[in-house]
Structures are given as C-alpha cells and as structure tokens.
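Database features, via TrEMBL:
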- 100-118: transmembrane segment (TRANSMEM)
- 138-160: transmembrane segment (TRANSMEM)
- 166-187: transmembrane segment (TRANSMEM)
- 199-218: transmembrane segment (TRANSMEM)
- 238-258: transmembrane segment (TRANSMEM)
- 279-305: transmembrane segment (TRANSMEM)
- 317-344: transmembrane segment (TRANSMEM)
- 356-377: transmembrane segment (TRANSMEM)
- 403-424: transmembrane segment (TRANSMEM)
Amino acid sequence: MRNTINNQLHRFLYLFFGKTEIKPLFFYTVASIFILFGLSVQSPSSLISGYWTILLSPSNLITDYFEVGGIGATFFNVGTLTLANTFFIHRNAPKITGPLLAALLTVMGFSFFGKNLYNSIPFLIGTYLYSKYSDTPIANLLLGALFSSALSPVVSLITFGQGLPIFIGMPIGIMAGVIIGFVIHPVSASFLRFHQGFNLYNTGFTAGVIGLVIASIMRVFELPVTYDIEPQQLSSSLVTWFFILFSLVLFLSGFILNDYSFKGYMKLRKSSGQLISDIVIEFGTPITLMNMGILGFIAIGYVHIVGGQLEGAVVGGVLTVVGFAAFGKHPFNVIPIMAGIYLMQIAMHIDNPNTTSALLAALFGTTLAPIAGHYGWGAGLIAGALHAAVVNNTGNAHAGLNLYNNGFSGGFVAAFLVPIFDVIKERINEHERIRKG
C-alpha cells in the first residue's frame, strides 16, 4: 500500500519536474493558482478596476501593487505575467534549469511591485530584435530577456507619468522598452567582469547604470521622476499563509523526490554560488526544490522575526530569494549576508529593520551570497553590512527606474570588496604554505 502511494506521488511530481529540469507545466500551474487566489479574495468588479489601475501606474520604486490595485488584482497581475513569460520560455528554451527558474520566479516576485504585462512585453520584443540583428539564437538570450524588465518602470513612467496624451506617451514608452531590451544584452555581458560574478543580480547592476543615464536625461529636461522608498504597508494573513504553504509544497516535493531524506543537501556548502552556479544541473531537482522551500521559510521567518509584513514589495523579495535557490543561494551563504545587513541597520539608527526599504535590503541583499560562499561567513557579514549602507544611496541615482536596486548596489559592493578579500586570502594561504613547508 505504502509503495503504491509512493509510486503515485512520484508519477504525479514527475509531471512537473525532471531529474535536472523544471517542466513548464509547473509554472503554468503556479500561475493559474495565483490567478484563482486573486479571484477568490477580491470581487470581480473590484479586481478588474484594480488591475486596470496597476496597468496605468508609473510603477517605479517602490510601487506596491497591493496598495495600488488590491491584493486580488495583484495576484491576478502576477499570474497573467507569469503565464506570458512561461509561454515565451516554453517556445524558445530546450529546458528550464536553475538560471531560467530564478528568472521566472524573480519576474513573478517583481510583478507584486513594478512589473505588469504592459511594461514588460516591450523588453521581450527588444530581445527578439537583438537576436535577429546579432544572429544570436534567442535561447541564449532568454535570461537577459526576463531580467531586462528591471527597467519596466521606464515604459510606464514615460507613458503615464509625464502628462502626455496616451497616443503620444504609449508609442514613446513602448519604443523605450524595446530599445532597452535590445541594448541591455551586450552591455550586461561586459559588466559581469566588473564584479567577477560575485553579484548574482548582474542585470540589476547593468539596469542601474542604464537607469542612471535615463534619469539624468529626464532631470536635465525637468521631466517628472519620483522615488518613494516607503509605501504604505498593506498585507494580509492570507498572503503570509499562502507563501508559507507555497514554500512547504516546494520543500515536500523535493523531499519526496529525494526518497524522503536530506541526502546530498549538505553538499550545497561546497558551492560558493558565484555566477554561474546552476544548482538544478549540479545537484539535481530534488535538492533544488528542498533548497527553495528552506530559503522560503528563512526569508518569511526573517520578516516575521523583525516585525515586518509580507506586503507586495516584500513578497517580491521572498520570491526572488526562493528563485535564486536554484541559481547560487543556499542557507550557508545567505544567512551571513542577512545577518550583516541586520546588524548594520541596527547600528545605523536610521533604518528600522522592519520598514519596507530595510526588509528589501535584507532579502535582495543576498545577491552578495557568493562572497560568503567563497570567502567565508566573516566576509559575508562585512559584505552585508556594507551593502546595508550603500543601498540607501543608490536608488536616488536612477530615481527608482531600476527595480533591481539591490543588484545595482551589490555590484559596487562586490567590485570594492572582492579584490581586498583576494589579497587577504592569498596572504593567508601563503602563511599556511610556509607553516606547513
């Protein structure tokens, strides 16, 4: 009887997961669940009105869609955009492994506070055009295609935030998104060398530079651009339990597929997480799913411990941490970064750890997890502390046009610390060789 149930469970889970891949059906199913959840918590008329308001929002940091359109409309927005992105990936990718899994969940997360169908699709069009222009297979550009929508507020802000007639603002906004989706691929490849892969949100750094240029041009011409780092905190216990259950399902799926054991999980400690670390390929889908669930619990637990709420933007942070559990993050390199950020926030006396901006720094700051993985927990604490200080000053540079502000900040922190840590590590290794020899 037990074997029969176990076999049925495995057969069911293999509809969604392969040994070293995540099947598109998983994302189609998750997107559908998000849409159904949205329809269940908000009346249809209110949901339609709220979703329309989301689409018309300028959407720069931090535009919490819970506040803009309501919780149901936000989940509907997340589900529809996830369906569109999954279809795009399904059509063009041979299979979904760690990087694309991280990208899809990151975009899903940012659909809670800045991304929607209108302001994201132009970047996919730009990627398609770049693929044709450069004779590059579009399968090689999918990661950048999804992450490039970090600059989706540019599309919305130009369309809806400049007081332009819609027939003027819309084509200009869409064209801006297409152009960014075109140019971000060669630019992003060059910036990877800047931080040597120790900033997991490489496109966030690239988008920050592009956003800085765009914001500077807008300011020169005195065009409206605003940056609000503290939206009204709006959440619900239903949202919290939804994502606790989401994390639990991920963990249990991996646990079952791993023969009801943690076998192999501790091997993650050997992975620094430095780009590019595809945990799905290196460790298998069961370990990846367990890791995603565990990091989901850690992220939600941190928010709860410091007294925060799972508002829209914070949910985005949780989902991004969960997504990158397939692409470089695990508890052993994430916890030191979060601890360093928390301690610095306490020391600064200007950033209560339970505010929106502080929670986003703690969650998204784990972009620096490879530093803790490669150089040790002490280095992770230092990197986290420095990130907590730097990230407070980078958002104004691009005026919130880059949703991946922590990726922008993390690029500078990694570029500053990595050479220093390399010198220290080299000296330690040299002394060790002398002592032994």
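We number each residue from 1, going along the chain as drawn.
From the backbone N, Cα and C atoms, a Cβ is placed for every residue, glycine too.
Caution: TrEMBL annotation is automatic and unverified by curators.
Scored on C-beta pairs under 8 angstroms, the neighbour of the transmembrane segment (199-218) with the top count among 138-160, 166-187, 238-258, 403-424 is 403-424.
Residues 22, 97-99, 101-106, 108-110, 112, 200, 243, 247, 250, 268-269, 271-280, 288, 291-296, 298-300, 302-303, 306, 310, 353, 359-366, 368-373, 377-389 of the same chain lie 6 or more positions beyond the ends of the transmembrane segment (317-344) yet place their CB under 8 Å from a CB of it. With a cut-off of 8 Å between Cβ atoms, the residues of this chain six or more beyond the transmembrane segment (356-377) that come close are 62, 64, 197-201, 204, 229-231, 233, 271-275, 277, 299, 302-303, 306, 308, 311, 313-314, 317-318, 320-321, 324, 328-330, 332-338, 341-342, 345, 383-384, 387-388, 391-392, 404-407, 410, 413-414, 417-418, 421, 425. Beyond its flanks by at least six residues, the transmembrane segment (138-160) meets 56-61, 63, 85, 88-89, 92-94, 99-100, 103-104, 106-107, 110, 114-116, 118-120, 122-124, 126-128, 130-131, 166, 169-170, 172-174, 176-177, 180-181, 184-185, 188, 201, 203-204, 207, 210-211, 214, 225, 400-404, 407 of its own chain at Cβ-Cβ distances under 8 Å.
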